[in-house]
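These notes concern the structure reproduced below.
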Amino acid sequence: MPYKAIREIGEFGLIDKIAALAEPTLQAVPELLKGIGDDCAIYQPSGKLLQVATTDLLVDQVHFDLLTTPLNHLGSKAISVNVSDICAMNAFPRFALVSIAIPPSFSTEMVEELYKGMSHAAKEYGLAIAGGDTSSSRSGLIISVTIMGEVEPEKLTKRNGAKPGELICVTGSLGGAAAGLKLLMREKAIMLDHFENNEPYNKSVMADLKEYSEAIQCQLLPTARLDIVRFLHSRNICPTSMIDISDGLSSELHHICRQSNTGALIHESRIPISASTRRVADELQDDAITWALTGGEEYQLLFTIPKEEYELIDDYKEISVIGEVTDPDSGVFLSDIYGMRIDLATIRGFDHFGR
Ligand SMILES: Nc1ncnc2c1ncn2[C@@H]1O[C@H](COP(=O)(O)OP(=O)(O)O)[C@@H](O)[C@H]1O
Ligand SMILES: Cc1ncc(C[n+]2csc(CCOP(=O)(O)OP(=O)(O)O)c2C)c(N)n1
Ligand SMILES: [Mg+2]
């Protein structure tokens, strides 16, 4: 079946298709009085709740590579990385505005595939796709998502409330997204090599990626930890500080410490790293702890709670206590498996303009 060029239906024909795909997300949000179709989306904020807003860009060749990324996964990830920021405030996402700049190589079906992923993720998180903007792009695909969320004022969690003596907690496991990215880049290099040598495409030269599905899923299809926000609310736990891990554990811990005016000591042996991430690191002769500290794109939550609240999280396997908050003069340190202290100021994470 030939693909339909976007020029055949034009900008407004494309927006109609996008609106149809966004439609099922509207049901979960009755406060949204108008979604796609007017000059603005119209939202009726609920009474006493505070509103939070976040935005993140996804740019071709910076955040994704279309050779290794299915478009529906990319759509889902664009929603999830923003929901993750809402979760980091201990808040709930309500609606999203999605803007895309589309390169000339894209067909109507490719845009639809992207929105199928967004719409699916939005439904999972109970948020509506309420509007956006569409442009052509003279270079690669660019996706910008803005999400509004809500939270009761007393539950709002910022980066700046950690105090010495408190526990540092992290959700899920770390390092998987970096492992997935390394594997995908390895497979891409093999594929390009093959094409360059004019060899016919042959699936058998590629690794069987099924055996790496956990790491690849962490990279291509991360989930924001809205389940953790629900858990925290259900147990009436209000972290004193919280951040999501987009740039690596080390960077995010520094953000909490800088904004809370504290130090921190975390323990290498307590950093949760899955067996499959360790296996990939061994295979690629790389270091899973470095991935956890600097890899980023985990979309797990890093937060602090008073020691007395330990028993409230103790039985929950999705949360690991990895260390404690210290005085500001103590710096931000990792105690390695031999008890040696490593200054985490020397191990920073992802930086768009980093050397
Ligand atoms: N171009 C920009 N203009 C205004 N504010 C920005 C810009 N880029 C980032 N920020 C703000 O700087 C802070 C840190 O951004 P970032 O590191 O991207 O956070 P996150 O990891 O939560 O996405 C956020 O409050 C964000 O809104
Ligand atoms: C093609 C490609 N190159 C590199 C990466 C790795 N990468 C891209 S952005 C990023 C960090 C997170 O992105 P950022 O824009 O800093 O998110 P924010 O902190 O604003 O949430 C990482 C590790 C990737 N996923 N794909
Ligand atoms: Mg950001």
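Just so you know, glycine gets a Cβ as well, placed from its N, Cα and C.
Note: TrEMBL annotation is automatic and uncurated.
When T54, T69 are compared with the Mg(2+) 4 site residues D39, D85 in TrEMBL, the one appearing in that site is T54.
Remark: D133 (Mg(2+) 1 binding site) has L97, S99, I100 as non-local neighbours, by Cβ distance under 8 Å and separation of at least 6 in sequence.
Listed binding-site residues near S246 (ATP binding site): E297 (candidates D39, T54, T55, D56, H63, E297; Cα-Cα distance within 10 Å). Here nothing among the binding-site residues H63, Y115, E297, F350 falls inside 10 Å of the CA of T55 (Mg(2+) 1 binding site). When the binding-site residues H63, Y115, R159, D244, D247 are ranked by how far their Cα is from the Cα of D85 (Mg(2+) 4 binding site), D244 comes first. Candidate binding-site residues: T54, D56, D85, D244. Those with a Cβ under 6 Å from ligand 3, in sequence order, are D56. Counting in whole angstrom, H63 (substrate binding site) lies 11 from D56 (Mg(2+) 1 binding site) by their C-alpha atoms.
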